[in-house]
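In what follows, a structure is listed as structure tokens, so that the remarks can point back to it.
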Amino acid sequence: MSAQSQIRQNYHEESEAGVNRIANLELQASYLYLSVGYYFDRDDVALSKFSKFFRELSEKKRDHAEDFLKFQNKRGGRVVLQDVKKPDDDEWGNGTKAMEVALNLEKSINQAVLDLHKIATDHTDPHMQDYLEHEFLEEEVKLIKKLGDHLTNLRRVKAAEEGMGEYLFDKLTLGED
């Protein structure tokens, strides 16, 4: 076990564990989005904008994980990496299914960040509260809204049933992101 950090101040062990947990969730999300992104890049799927959308999301999630790990070190916590679980699927079906998976995943990440915010509140850690509010919660809410909007539009054009709707969504909606 490593020695206690000399810079650690008002940083509870529960907060430290929560930061490591969320970093792992972000890495798992990154891994899943990478899988989805390259699924849509396959020659038999060929939806390039879906591919780009999910690969960019993968990169953002990896960046978030690194931000949490930097925060951990800045506060005098210890980074403890966990195994990154392989996604349950390798075949993502269609854009509607992929957006549903992404929306559910982002809602669970948002809940984990909210839970960590509560821990910070319970332990009177205004620095962590501010960090979570300004660096993550607003961005998560915006992403959840964007995914929800995409899902609504995919359902509207019956993308899961008709290939043309999914193709047009790929070209016209995701093409503008």
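Using N, Cα and C of the backbone, Cβ positions are placed for all residues, glycine too.
Swiss-Prot has this to say about the protein:
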DOMAIN    9-158  domain 'Ferritin-like diiron'
BINDING   E26, H64, E106  Fe cation binding site
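Those residues of the chain, other than E26, H64, E106, with a C-beta within 8 angstroms of the mean position of the Fe cation site C-beta atoms are I22, L25, A29, S30, K60, K61, A65, I109, F136, E140.
The Cβ neighbour count for H64 (Fe cation binding site), using a 10 Å radius over every protein chain in view, is 23. Mapped onto three states, the DSSP output places H64 (Fe cation binding site) in helix.
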